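*Asks:* Quick paste from TrEMBL:
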- H176: active site, proton donor (ACT_SITE)
- E321: active site, proton acceptor (ACT_SITE)
- N81, R82, H176, S177, Y178, D257: beta-D-galactose binding site (BINDING)
Amino acid sequence: MVSVTRAVFGDLPLGAGTVEKFQLQSDQLRVDIISWGCTITALEVKDRQGRASDVVLGFDELEGYLQKQPYFGAVVGRVANRIAKGTFTLDGKEYKLAINNGPNSLHGGVKGFDKVLWTPRVLSNGVEFSRVSPDGEEGYPGELKVWVTYTLDGGELVVNYRAQASQTTPVNLTNHSYFNLAGQGSPNIYDHEVTIEADAFLPVDEVLIPTAHSGKNCSPSTASLGEIASVQGTAFDLRKPVELGKHLQEFHVNGFDHNFCLKGSKEKRFCARVHHAGSGRVLEVYTTQPGVQFYTGNFLDGTLKGKSGAGYPKHSGFCLETQSWPDAVNQPHFPPVLLKPGEEYDHTTWFKFSVA
């Protein structure tokens with residue numbers, strides 16, 4: 001059984017609307033989601049002693065989400081992740097997007113799907129949010145109708161994304177929750193054991209765009225294409241569990257902010273597992289998406305005051321953003337990211353919590 005309750009979370013400034021909070025509760029999970037950005041604001045999971053802790057970073061009040069902050073818990077779009085130089089060409093026409101992350105466009109632009117009020121509809125076991133992204137919003141072509149549905153099933157939070165376009169447009173939707181299985185406000189995630197079921201990853205340049213092929217063997221036609229690299233023998237080989245802190249030290253890496261390439265198919269498949277030995281909590285992620293961005297909160301710096309006054313320093317949360325690959329609209333050999341009129345974008349990600 002799942003209960004769904006609805007309450008006011010806060011009012012937007014200048015009479016721009018009321019943000020509601022929807023609380024979904026099963027025997028194993030309690031999830032709070034607000035209509036601003038379809039944002040997960042709390043996710044309570046029991047440990048092996050049966051004690052519940054909130055395992056996502058975020059804020060107590062609406063004001064926290066309205067300030068400049070790193071997409072805590074939000075749905076990001078129209079295109080999640082980075083588009084190089086904020087430009088792409090479709091049918092001979094060049095589109096220019098807002099540049100909001102170094103030289104690139106990130107997570108839909110200046111006012112992406114995370115910074116708008118969505119229309120909610122209560123379901124028996126969850127909540128559906130919808131909106132229409134107008135033609136030209138943030139520079140993207142065509143009108144896009146979008147539905148994001150959160151449902152609970154025991155220990156599983158299921159997120160489904162659907163979209164329909166009036167004109168061909170890139171679409172890539174994900175949820176940007178930051179998790180800490182020790183409980184939000186815990187100082188770091190170094191004691192988390194991580195597994196990612198990926199044989200390949202996308203190396204990135206200094207502005208976090210997939211890097212061009214290098215080496216003598218590449219023809220001029222592929223010279224500018226993003227490289228797909230094997231994880232074998234690198235810090236990115238997470239196919240067997242690694243303890244994050246030790247692993248980062250061993251390979252002298254500052255953290256992860258990379259797309260891992262999953263086996264290509266539209267079917268539900270295992271993507272990642274994170275285990276926190278101290279509490280016994282386990283998060284498993286399954287998805288229909290071709291990639292997952294594993295991000296270890298490298299840009300968190302402790303300046304934001306989170307729930308119950310928690311500071312969120314570097315590496316105090318991790319994201320597993322299931323997605324199409326970054327800059328795919330400019331990379332013809334990456335899995336396709338274009339949605340055409342008459343088609344439906346339809347992807348699902350499952351977050352399954354348990355104890356071990």
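Cβ atoms are placed via backbone N, Cα and C, with glycine included.
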*Asks:* When you look at N81, R82, H176, S177, Y178, D257, which the record names as binding beta-D-galactose, what is the longest CA to CA distance in angstrom?
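*Replies:* Max Cα-Cα spread across the beta-D-galactose binders: 18 Å.
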*Asks:* Just to verify a number: CA distance, H176 (active site, proton donor) to E321 (active site, proton acceptor), in angstrom, no decimals.
*Replies:* 6
*Asks:* Specify the count of other C-beta atoms within 10 Å of the C-beta of E321 (active site, proton acceptor).
*Replies:* 23
*Asks:* Cα-Cα, whole number of Å: S177 (beta-D-galactose binding site) versus E321 (active site, proton acceptor)?
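*Replies:* About 8 Å separate the Cα atoms of these two residues.
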*Asks:* On a simple 10 Å Cβ count over all chains shown, which one of the recorded positions R82, H176 is most densely packed?
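*Replies:* The residue with the most neighbouring Cβ atoms within 10 Å is R82.
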*Asks:* How many whole Å apart are the CA atoms of R82 (beta-D-galactose binding site) and E321 (active site, proton acceptor)?
*Replies:* 13
*Asks:* Please list residues from the chain of N81 (beta-D-galactose binding site) whose Cβ is under 8 angstroms from its Cβ, counting only those at least six apart in sequence.
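*Replies:* The answer is L106, H107, N172, T174, N259, Q293, E321, Q323, W325, P326, D327.
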*Asks:* Return the count of C-beta atoms lying within 10 angstroms of the C-beta of D257 (beta-D-galactose binding site), excluding that atom itself.
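*Replies:* For D257 (beta-D-galactose binding site), the 10 Å Cβ neighbour count is 16.
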